Amino acid sequence: MTRVLALVLVLLIVALFALSLLIGPAGLSPARSLAALLRGEGLAETLVMREIRLPRAILAAMIGAGLGLAGAAMQGYLRNPLAEPGLLGVSGSAALGAVIALQTGFAAQFALGLPLAALLGAVLAVGLILALAGPRGGSLTLILAGIAVSALAGALTALVLNLSPNPFAASEIMFWMMGSLADRSMTHVWLAAPFIAIGAVVLLAQGRAFDALTLGEDSAASLGVNLSRLRLVLVLAVASMVGAATAVAGAVGFVGLVVPHILRPFVGARPSSLLWASALGGAVLVLAADIAVRLVLPDRDLKLGVLTAIVGAPLFLHLVFKTRGQGL
Amino acid sequence: MACRRASKALGAVLALWAGAALGGPPERVVSINLCTDQLAMLLAKPGQLVSISRISQDPNVSVMLEEARKYPINHGQAEEVFRLNPDLVLAGQFTSSYTVGLLRRLGVEVAQLPIVTSLDQIPGAIREVGRLLGRAAQAETLATEFSADLAALRANPSNRPRAALHYANNYTSGDKSLANDILTAAGFANVALEAGLSGGGTLPMERLLMLMPDLIISGQHYPGASRSEAVLTHPAMNALRDRHAGSALSDAEWVCGTPAVLRAISRLQEAYE
């Protein structure tokens, strides 16, 4: 079952990745696109394929994988299907870190300044949320803490952008809150890739610990799971992935909520399988969403988060309704 | 003290009344728009222009920085403008209608000048400001001089290099814009017209690259950072500049319809030579 799922998801990623490369306002034929991408035929075509469309497709897959995996990991650790980096204010705090780094000039001073600042914002948010929620992560505390962190991070982001001397900064509040992959470049791929890769490798290695945790903390501890270490790993890995993703693409919400929810039945609710499945599923979702924003409004830079929220928010309400019976 | 202030106010009122009654030139002119600031600074007689807008002291958009620093600035708010006791306020076509309406209700004469969208409108704008300030003779000299200089600069090559205007957020200018006129006068053809753009609009970077312009005229970077301006130095644009196209900067000289556009035209011609 899980092998079939993995195959289906990988095939979907390949198909959507190819589609993402073929869609764009330049209106190139598939044959010309491929010739330009692979063999560098035609200067304009090559620049369009290699410098605009390729980084966009890579970023969509990478960011989707990171957000999906981060969501699955937080849900596994807190054993709560409502946990998600966007809803809990982790993405918002990462955006705040990124905006501060950009506006103070810290990001321009050294190459990793931008992702590191976003990571720091995300670490503070995850740490705060986990500290507030406690080990069991009661839904009510979790969501209330998330609302407060999100609201504060959003307000401070708006404040920093409004204080900027740059006339365009204030109009970019929407980008930081909703996310977009328009006009990103290979530079952004290289900025985000190491952080997302390290976070993913570290989290995927914790599969056994997450499985053990489904039996409860005491049983997990008796099976040799070091809970405080797991907690630290989770905080750093989630922050690394969400921070890097947000630093280059803004805060894209609901990916970490929707993907694990859809895939959970297919992996027999095993957290270790859900981790890699959610990474693949996240890539599928964001690739698809980024294709959709370009098809719906080709010239208008519709934000990614608009689409993921339209899919994700009703699901979130459905989950709230379902968990209500369990004494939210 | 109070008495002196009252007599000063009375004096101002009398002067205002006298000016209005005699139909003479305005004595206290306040400009609240970057472009009218510059035309007024060029034409007003000493002491006639009492305040200009804050933006005229911003090096990113103002071409008359040194001159502008000699004037007290205003922020274009009705209350502060009214306190300056002007008998004429110069504003732009798109100056806040609330500000303009409020000033008019307070009895202040406000002249709104249209946005200049072509080089041919510049002499008219100069003469209009001259007429408003009672400096028609000076305006006539400036306008004639401008027209002659423009005619001397205007290039009409048989084979026009193709130029692209690339501003923040991939914004560009098509025909019916001052920037397009500057390009054309300098001897270039605007690629935005090939893409069918009229007026201003966005041209996705992919399409801009496919048009393969010979010259890329980029908008300038403002202080602080923004994602909107990141497209100006996107690796694809940098690669196009490195391997195919020349580059030039669209700066303060491109903003307003004043004689400064002549410098923009000659710089553009030099940049491509």
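Including glycine, each Cβ sits where the backbone N, Cα and C put it.
Straight from TrEMBL, the features:
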{"type": "TRANSMEM", "residues": "A:54-74", "note": "transmembrane segment"}
{"type": "TRANSMEM", "residues": "A:86-106", "note": "transmembrane segment"}
{"type": "TRANSMEM", "residues": "A:112-133", "note": "transmembrane segment"}
{"type": "TRANSMEM", "residues": "A:140-165", "note": "transmembrane segment"}
{"type": "TRANSMEM", "residues": "A:185-205", "note": "transmembrane segment"}
{"type": "TRANSMEM", "residues": "A:232-263", "note": "transmembrane segment"}
{"type": "TRANSMEM", "residues": "A:275-297", "note": "transmembrane segment"}
{"type": "TRANSMEM", "residues": "A:304-321", "note": "transmembrane segment"}
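Remote same-chain residues near the transmembrane segment (A:304-321) are listed as 81-82, 86-87, 177-181, 249-255, 257-258, 261, 285-286, 289-290, 292-293, 328 (criterion: CB distance under 8 Å, separation of at least six residues from the stretch ends). If one looks beyond the transmembrane segment (A:232-263) by at least 6 residues along the same chain, the residues whose Cβ comes under 8 Å of a Cβ in the stretch are 5, 59, 62-64, 66-75, 77, 81-82, 84-87, 90-92, 94-95, 97-98, 114-123, 125-127, 130, 175-181, 184, 188, 191-196, 198-200, 202-203, 206, 274, 277-278, 281-282, 285-286, 303-305, 308-309, 311-313, 315-316, 319. Comparison of A:54-74, A:86-106, A:112-133, A:185-205, A:275-297 by number of C-beta pairs under 8 angstroms to the transmembrane segment (A:140-165) places A:86-106 first. Counting Cβ pairs under 8 Å to the transmembrane segment (A:275-297), the stretch among A:54-74, A:86-106, A:112-133, A:185-205 with the most such contacts is A:54-74. Beyond its flanks by at least six residues, the transmembrane segment (A:112-133) meets 74, 78, 85, 88-98, 100-102, 106, 141-142, 145-146, 149, 153, 191-192, 195, 231, 234-236, 238-240, 242-244, 246-248 of its own chain at Cβ-Cβ distances under 8 Å.
Long-range contacts of the transmembrane segment (A:185-205) within the same chain, counting only residues at least 6 positions beyond its ends with a Cβ under 8 Å from a Cβ of the stretch, are 50-52, 54-55, 58-59, 62-63, 65-66, 69-70, 73, 111-112, 114-115, 119, 233-234, 236-241, 243-245, 247-249, 275-276, 279.
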